[in-house]
Amino acid sequence: MRNGPRGRRVGLTLAATAVCALIGVSGAGAEGTVTASGPPHLPKGTSFYVEPDSNAARQAEQWRAEGRVADAELMEGMAAQPTAIWFTTAGADQVRENVRNVVRAARAKDQVPVLVAYFVPYRDCSQWSAGGARSEQEYKDWIDAFAEGIGDEKAVVVVEPDGLALLTSEPWCTIGPDSELVPQRFREINHAVDALKRGKHTRVYLDAGHSAWQALNDYDAGYGEPRQQLGIVNRLLQGGVTRADGFALNTSNYRFTEDLVQYGTRVSKCIYLRTERGATSCPANEELDAMPVHRPKMTHFVLDTSRNGLGHYTPGEGETDWCNPPGRGLGERPTANTGIPLVDAFLWVKRPGESDGECQGGPAAGRWWPEQALELAKLASPPLR
């Protein structure tokens, strides 16, 4: 997913113990500063669904048949990892059936599928990944059917990548300002939360961009109209995060895990202060960092680590840091045992090897790109083999 003209940050990939130290939790006995213990939103032993006939699996078969044994082994390593299944196209009846098929396939393997709902109107500000429902009602019907497809089976759902981080109010959004579209987006996301949470075992995470995108507090964009923009905390609160299981960071992006944990923990602490302590805005980062983690009371989050093994890219002239940046690698393997109090899971939400868009020589967004897949596998950190 893209990000607007906001600042860039750098960082280093850290092991879970180092990340815990960063947020004030010791690696040995990581619950040290947690005020109370409670069950995680996802059990540590959760086994996520591995799609048997993925692009990576088919690519491995092709390369092995061609005698490219080393490359085939790398693709087999990638194919063995659980990745999210995206639902992006119209038709309530069709999405209900498709979701149900995935959920049943996962149940047969005693696994939990990670599903992505990506159909909100005006998604991606009608740019690279344009599409989505044609109206608010069409979206509500679609997400209702999506939820019905899950029923009371187990599933993790990432709701609308960029849906909150990229509102049509952004000065650079090609749709332009419209006083009704932002409230409509919040209604749509809230409806998705309520529909999905009717399922007894559905874990719902609202996409919230990444660590180098939206500020915590409302801010002046400094250009365009309207200049005043909502910070990510207000966007999440107005999107219904308190009724969901949490939020998701780094979907289809490349930010270092360390940076994401720090940012996500600050977001979570600020939500706690806003909803439990009567705060009207987030305090300074230093104050948030010094604040202890209240695990049962604070909002949890998940991270997309599919392509962040080497972190983000520093773009050259005419390049972006989000669209098929070269020299990137697979990141931490999917797991619900992160060792980080508020992080429910590392997930591969973006499907590695599928293009971000027609840039850097890549095909259209979502199309399989074998060359990129191989590069990601070769540069994986930690290594695939």
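From the backbone N, Cα and C atoms, a Cβ is placed for every residue, glycine too.
Remember, TrEMBL labels are computer predictions, not curated facts.
The substrate site in TrEMBL is built from H210, W213, N253, W322, K350, E354 plus one of W86, W142, namely W86. Listed binding-site residues: W86, W322. The one with the lowest count of other Cβ atoms within 10 Å of its Cβ is W86. Across the fold, the C-alpha of K350 (substrate binding site) and the C-alpha of D124 (active site) stand 15 Å from each other. Rounded to a whole value, the Cα-Cα separation of D162 (active site, proton donor) and E354 (substrate binding site) is 18 Å.
A separation of roughly 15 Å, to the nearest angstrom, links the Cα atoms of W213 (substrate binding site) and D124 (active site). Under the DSSP three-state reduction, E354 (substrate binding site) is assigned to strand.
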